[in-house]
Each structure stands twice: as structure tokens, then as C-alpha cells.
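K.L.:
From TrEMBL, here are the annotated features:
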TRANSMEM  B:12-29  transmembrane segment
TRANSMEM  B:49-71  transmembrane segment
TRANSMEM  B:91-116  transmembrane segment
TRANSMEM  B:123-144  transmembrane segment
TRANSMEM  B:201-221  transmembrane segment
TRANSMEM  B:248-268  transmembrane segment
TRANSMEM  B:288-310  transmembrane segment
TRANSMEM  B:354-375  transmembrane segment
Amino acid sequence: MSNNELTRRGLLRTGAVAGAGVALPTIFTASSAAAYTNEPTGGTVTLGFNVPQTGPYADEGNDELLAQQLAVEHLNGEGDGGCLNTFTSKALKGNGILGKKVTFVTGDTQTKSDAARASAKSMIEKDGAIMINGGSSSGVAVAVQGLCQDAGVIFMAGLTHANDTTGKDRKANGFRHFFNAYMSGAALAPVLAKEMGNDRRAYHLTADYNWGWTQEESIVASTEALGWETVNTVKTPLASTDFSSYIAPVLNSGADVLVLNHYGGNMVNSLTNAIQFGLLDKVANGKDFKIVVPLYSELMAAGAGENIKGVLGSMNYNWQLDNEGSRAFVKSFGEKYGKPPSNSAQTCYAQVLLYADACERAGTFNPCGVAEALEGFEFDGLGNGKTLYRAEDHQCFKDVLVVRGAQNPTNAYDTLEIVEITPVEQVMYPPNHPMFGGDEATLGECNPGA
Amino acid sequence: MLGLDKKDTSLLVIVAILTLLAPFILNPFPSGSAMAQFNAGYPDLMQRFVIFGIFAIGFNILFGLTGYLSFGHAAFLGVGSYSAVWMFKLFSYNVIPAIALSVVVAALFSLLIGYISLRRSGIYFSILTLAFAQMSFALAYSVLSNPKFNLTNGETGLQVYADDPQLFHRDSLPDMPHLFGLSMRSTYHLDIGAWSFDFNAGYYLCAVIMMVMFYLAIRIFRSPFGMMLRAVKSNQQRMNYTGLNPRPYTLAAFVISGMYAGLAGGLMAAMDPLAGAERMQWTASGEVVLMTILGGAGTLIGPVLGAGFIKYFENIFSKINDNILHQWFSFLPDGFEDFMVFIVHPFIGKGWHLTLGIMFMLVVIFLPGGLVEGGQRLGNWLRNRGKGAAEAKTKQEPAE
């Protein structure tokens with residue numbers, strides 16, 4: 001069947017091919033002379049916007065993309081300048097970053113860690129992106145943050161709510177503006193106590209993955225501190241679309257509050273099921289039955305429609321927030337796109353501006369310089385009020401919004417009403433908090449690459 | 001050469017030349033030009049081309065030869081990735097033991113799944129493999145990532161942390177997967193005029209492994225064992241009547257292709273030390289089926305072409321956005337420019353799935369043999385063009 005005769009010529013040929021194959025990888029070991037990864041040399045600087053354009057969070061991703069484009073416009077001095085006028089740091093002049101015009105490339109994370117890393121890598125390796133921004137999932141954020149750390153570029157996280165992003169997975173090159181599950185719990189607890197009393201019995205339905213667990217852990221901790229009792233915590237598979245079988249046992253469990261640690265489509269479905277079962281009309285233990293959704297977003301609220309009326313939750317930002325920065329941002333976003341921004345859009349917008357500002361103040365694009373400029377940076381005027389970028393874990397600290405599904409929405413965007421603005425002191429925690437990796441969690445060394 | 005006939009040798013040489021010169025071939029446009037958007041010669045994508053090439057070659061040994069359509073091959077890829085990352089976490093960043101372990105673990109895993117699934121054939125076999133793969137995905141995504149027993153790190157993906165033991169790691173070695181000290185990320189940039197080319201160590205490791213695997217696949221295709229597998233595909237009943245038991249052959253093919261998948265998974269982890277559960281999802285299993293069919297099932301080079309084709313669309317087309325479109329059409333009058341952008345918009349960026357779907361339909365409808373058939377038709381047309389039309393007419397295909 002096969003010819004295995006060894007000839008002199010054949011042997012030489014084989015040897016040459018094999019030799020070349022072995023030698024090849026070792027020839028190319030020289031590295032380039034740049035001071036750091038993707039040092040911009042021309043008249044432009046490239047930012048990478050890595051957002052989910054397909055998959056379950058595509059709506060959020062596209063909203064983020066709109067905000068990022070708006071931020072680039074404002075940085076380049078086009079449009080009305082938006083928050084550049086209200087930002088307390090005046091380093092940005094509307095002439096790009098450090099005099100270089102800002103350009104951007106976009107990619108699709110597909111809300112999958114692998115695809116997100118592939119897309120971020122192509123931005124870094126092919127397009128020369130110096131910063132990666134965006135994303136709508138904690139798993140993706142942690143994965144891309146690790147990549148950026150290794151590659152030596154800055155990662156400005158988009159929507160990521162799990163404690164781990166700035167907890168046990170914190171990285172020196174990664175920064176999070178969005179709030180986290182612990183803050184949600186801390187902000188919600190006092191409002192829950194005020195509205196529902198101190199002797200409630202809670203039943204948790206939790207999406208069975210990393211974010212769901214940290215969220216459940218945080219809410220359980222803060223509600224039990226109030227004196228609530230946790231009746232049961234049930235994990236639901238992420239792919240579930242029908243939660244009826246999980247809702248039915250709630251009725252007989254003796255619980256009088258249902259906490260839905262779900263996000264996106266999961267939350268819309270589980271909440272709808274809960275309403276269909278008439279949970280909100282029930283009276284348990286002599287009290288009105290209540291539902292809490294710890295993490296809200298505008299898109300979820302729109303998806304759940306009527307069902308969210310009166311349901312409490314928390315948010316990072318809401319366009320109805322009345323401060324100078326918020327008004328400026330909502331105005332320019334609304335004028336350009338004809339709708340108010342979502343809270344993920346605001347986060348990405350703020351992150352791009354914060355990055356640009358840090359470069360200006362550091363006088364360099366070197367990730368180590370930028371990181372140093374961001375660490376411990378206090379600012380205002382980007383929509384969330386007074387904010388601190390904490391140096392120890394690269395987490396932003398600012399007021400957290402407790403919101404409620406609007407009883408009488410006047411238009412399509414008025415689905416949520418702000419119940420309380422929880423002051424930042426109340427959601428503060430030490431950087432070595434046990435939910436955030438304890439004493440073992442470290443940022444590591446900043447990596448400029450190259 | 002190497003026990004191959006002339007045709008196969010030239011095929012192997014062509015593949016070798018293509019893979020070794022890929023950094024040049026994939027970067028045909030000067031960097032900085034408008035067409036640079038279509039360049040694919042950056043390390044990550046080149047690595048993906050060859051890694052998914054290996055995956056598809058292995059899948060083709062099962063599907064192309066025996067006709068057994070496995071819808072769960074991504075499970076082996078995922079298992080390979082997880083074992084490689086565990087090797088990094090526990091011992092060292094050297095890629096050789098990691099890749100070896102990933103192949104071994106994938107072999108054991110595929111032996112188990114194959115032994116059970118191969119009791120059925122046809123659609124039942126496909127469904128069984130699909131069920132196993134989805135089970136593995138669910139295990140990796142949720143069950144095996146609980147805080148008490150964290151084997152896969154769930155949604156985030158398994159990665160190496162600074163406090164992992166890494167018994168054989170020394171400070172002199174790079175903090176990256178490496179081959180005896182040569183980091184997989186080290187890249188040599190070559191600038192020639194307006195062009196720039198990247199030569200990446202990791203890519204060349206993958207490329208060399210892919211050539212070896214391609215050679216192995218040729219040998220399997222041409223061996224008596226390969227003939228047996230083809231016999232399984234053409235008529236299993238007749239094979240039974242002649243007194244041959246097809247089960248050991250199909251199981252061997254299943255395990256071999258599982259090992260190929262494990263190798264691909266291990267290489268993926270070696271290029272980028274993170275293993276995500278999505279690697280095992282059914283969409284990933286479906287992708288390799290698409291790659292094989294798109295390229296040409298049962299052909300040697302087809303799966304590699306299919307893998308390249310799909311990965312190119314996923315990574316290049318998904319990154320074209322409206323701004324870039326406006327640049328392209330900026331020479332047109334304003335209204336017409338917007339119109340063109342409006343027309344093209346659904347097919348780029350987030351619409352890359354749509355473009356890929358259309359391409360796939362066109363290929364399956366007009367070129368049932370995949371891209372390889374397209375190449376053959378093109379070759380025949382070029383060859384016959386010189387000759388007279390009459391001569392071409394007299395040449396008839398023999399009846400089957």
C-alpha cells in the first residue's frame with residue numbers, strides 16, 4: 001500500500017524540511033523597540049470598542065457603541081462637547097488625546113469569553129488599539145481584562161456587575177466604572193427595610209453562574225444583616241426560558257419576598273412567570289408579597305413591560321438623574337440618537353472620557369502612566385456625581401440608585417423611577433473584603449507590554 | 001516522499017508552503033491603506049486558522065471517512081483546553097506537557113463517549129453526541145465551577161492566577177505559555193516598504209503541528225484502515241455480512257478525531273491561556289461541521305480551507321463598521337453614499353452571520369463538494385480553455 005523505501009535524496013529532502021520546521025520558530029524571537037504596546041506614532045490614536053453585537057446582550061452592546069462613538073466625537077471637538085464642559089478635570093481640550101485625533105475600531109464579543117478575547121486580540125495585534133472598552137457581561141470582562149493585562153494595554157470595563165471583576169480577578173491594567181453586586185446589596189438593604197420591614201422571609205432564584213452567585217451572596221449578606229431570614233436559594237440554569245417550575249414552590253415555602261438574581265432575558269422571563277402566578281397579589285405571613293430584582297437595566301425594564309410596576313432594584317445610572325453632567329450627556333445623546341442613554345451607555349461614555357483625560361494628565365499613552373493617573377482620581381461631572389477611582393482595586397465609588405418600576409409611565413423611556421440615591425459612604429467596603437478575594441487579591445504589576 | 005505518492009506529496013508541499021508563508025500571503029495589502037481592513041496576517045487569526053484547521057482535519061477523519069456525523073466534537077476541544085490550562089496552573093507554562101495531556105485526556109473522554117454513542121448510527125448517533133456535548137457544556141459552565149469544587153471557573157473561563165502552584169516555573173521563564181523559554185507571544189515584525197508582516201512563534205508552532213497532523217491524515221486516508229472506514233460509510237450491512245465488525249474501526253476513528261480535537265484545544269490554550277466553557281457549546285460543534293462541509297467533506301485539504309473561510313468571516317467581517325463603509329463609499333455623491341452604506345450595512349459588523357449563512361447556502365447549492373469542488377472546477381476550466389471546444393465535448397464522465 002505504501003512506499004517506505006529510503007533513498008538518499010528522499011532522506012536529504014525530509015531532513016531539510018524538518019530542519020527548517022524546527023528552526024523557524026527560533027529565528028523570530030526579536031521584539032520591537034517600542035516603549036510600550038501599540039505606542040501611537042502617527043497623528044492618530046486608536047481605541048478598541050469591544051461590545052456584544054450579537055447574542056443575548058446585543059441591545060446593550062449596540063447602545064454602548066452609540067455612546068462610545070459619541071465620546072470619540074466629543075474628544076475630537078465635534079458635536080456639542082457633551083460632558084467635556086461639565087467634567088471637573090479640564091485637561092481635555094477637544095483636540096483629540098495629547099493632540100492626536102481619536103479613531104476607533106469595533107468588534108463583536110458575542111458575550112462569549114473566547115470570542116471576546118479573539119476580537120480584543122485582533123484589535124490589539126492588527127489595528128494597534130491602545131485601550132479596550134465595553135462589554136456587557138462579567139465573564140467577558142474578566143477574560144478580556146486578563147488579556148489586556150498580558151498584552152500591556154488598558155482595559156476600561158463596560159457593564160460588569162460581579163464582585164470578581166475588581167475582586168479576586170482585579171488587574172493592574174483594568175478599571176471598572178460600573179458598580180457591583182456588593183454595592184447593590186448595600187444600597188438596597190435600607191430601602192428594603194423601610195418599605196418592607198425587618199422581619200421578612202426571602203426566597204432567592206439565582207442564575208447559575210459566577211455573577212448570579214456573587215449577587216446572591218451579597219444580597220443574602222445585606223438582608224440578613226437587616227434581620228431578614230433566607231428561606232431558600234435556588235439555582236436556575238442560565239438557558240432556562242420558563243421559570244414556572246421554580247416559581248410554584250415559592251408559594252408554599254413560607255417566604256414573603258422573592259429575590260430574582262437574574263439578568264437580561266432570564267429576568268424578563270422569571271419576573272413575567274412570577275407575575276402570572278399572581279405572587280404580587282398574595283398575602284404571606286400577614287404581609288403583602290414583594291419581588292426584588294437587585295440589578296435593573298432600562299432594556300430589561302422595557303422587556304418586562306407592565307410586570308415591573310412597583311418592583312424594586314438598583315442601577316448604576318439613570319438618565320433621569322438630575323445633575324449637570326447627566327443633563328449634558330442626556331442632551332447630546334438624545335439629540336444625536338433620539339432616545340435617552342441606558343446605564344451601560346453612560347458607563348462606556350464615561351470610561352472613554354476618563355481614559356482620555358488620564359492620558360492627558362499623565363502626558364503619555366503608556367499604560368503604567370495612565371493607570372497611575374487614574375488611581376485615586378476624584379472627579380465629578382460625568383453624570384454620576386462625585387466619584388472616586390480607588391487605587392487599591394480600580395473600582396469606582398459613587399452614589400448608587402435604588403429604582404422602582406414606574407406605576408404610571410408617561411412615555412416609553414419612563415419605565416423606572418428613582419426611589420433613593422444611596423450615598424457612596426453606605427456602599428463603601430475595604431479593598432480586602434472577603435467577598436472581593438480577601439487579603440490574597442492583588443492587582444499585580446502594571447504591564448506596559450513590549 | 002515520506003511514503004506518499006506523487007499527488008499527495010505535492011499536496012503536502014503546497015500546504016507546507018501556504019502555512020509557512022502565511023504571514024506574507026495573508027497580508028497582501030499595505031498597512032495603512034484602506035484595504036488593510038482585509039488583511040488577516042496577525043498572530044491571533046493565523047493561529048486560529050491552523051488550530052481550527054487541525055480540528056476540522058480530525059473531524060473529517062470521522063465524518064468524511066465513516067460518514068458518522070458527530071454533533072459534539074467541541075466537547076473534546078473544550079476538554080483539551082481545560083486540561084492544558086490545568087497543566088499550566090499546576091506545573092509550568094511549558095506547552096509540550098500541556099498539549100500532551102490535552103491529547104491524552106481528549107482520547108480518554110472520546111473513548112468513553114464514543115463507546116456509548118457508537119451503539120447507534122445515523123441521526124441517533126448525532127443526537128447522542130450532541131447530548132453528551134451539551135452535558136459537558138452545562139457541567140463546565142455551572143456544575144463544576146461551584147466555589148467548593150472549582151474545576152472550570154464557569155462563565156469566566158479557567159485561567160492561570162499568580163497564586164497557582166506552578167511547581168516547575170522559574171523566574172527566568174516568561175510568564176506566558178512558552179516552548180522551553182520561547183514565549184508563544186513573541187513576534188518579529190518585518191517592515192518592507194508600506195507592508196508589514198508578523199512572524200509569531202506560537203503561530204509557527206501550530207503550523208508545524210498542523211503539517212504533521214495533515215501528513216498523518218493523509219496516511220490514514222490512504223491506509224488499509226482508511227479503506228475500512230470508507231467501507232463503513234458506503235455499506236455497513238455488507239461489511240457485517242462479510243464477517244467484519246465495524247465497531248472497532250468506527251471507535252478508533254472516533255477516538256482519533258477526538259484526539260485531533262483535544263490537540264486543537266490544547267493548542268488554543270497554549271496560544272492564549274484561558275479555557276472558556278463556550279468552546280463546548282453546540283454552536284461550536286456545529287461550526288466544525290460547517291467548516292468541513294463548506295470546505296469539502298471527505299477531501300484532505302477541504303476542512304482546512306473551510307476552517308480558514310469561517311474564521312476569516314468571523315474575525316474580519318465582524319469588524320467592519322459604518323464608519324469604514326462611509327470611507328469606502330466616500331467617492332460617491334452624498335445621497336448615493338448613504339444609500340450604499342444602507343444596502344451593505346446588514347451584511348457587515350453584527351451581520352457577519354448573515355453573510356456567512358448566504359455564502360454557506362451558495363456553496364452547498366452550487367458546489368456540493370465544497371470549496372474543493374470549486375477549485376477543481378476552476379482548474380478544469382483553466383486546463384480546458386486552451387484546448388478546442390470540440391475536444392472538451394467528446395470527453396465524457398464515466399458513469400458511476
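Numbering starts at 1 and runs along the chain as displayed.
Cβ atoms here come from the backbone N, Cα and C positions, even for glycine.
Just so you know, TrEMBL annotations are computer predictions that nobody has curated.
Worth saying up front: this structure is predicted, and the values here are computed from it rather than measured.
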K.L.:
So, taking each listed stretch (B:12-29, B:49-71, B:201-221) in turn and counting its Cβ pairs to the transmembrane segment (B:248-268) that are under 8 angstroms, which one gives the highest count?
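P.N.:
Result: B:49-71.
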K.L.:
Report the listed stretch (B:12-29, B:49-71, B:91-116, B:123-144) having the maximum count of Cβ pairs within less than 8 Å of the transmembrane segment (B:288-310).
P.N.:
B:49-71
K.L.:
Can you say which of B:12-29, B:91-116, B:123-144, B:201-221 has the most Cβ pairs under 8 Å with the transmembrane segment (B:49-71)?
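P.N.:
The stretch I would name here is B:201-221.
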K.L.:
Report the listed stretch (B:12-29, B:91-116, B:123-144) having the maximum count of Cβ pairs within less than 8 Å of the transmembrane segment (B:201-221).
P.N.:
B:12-29
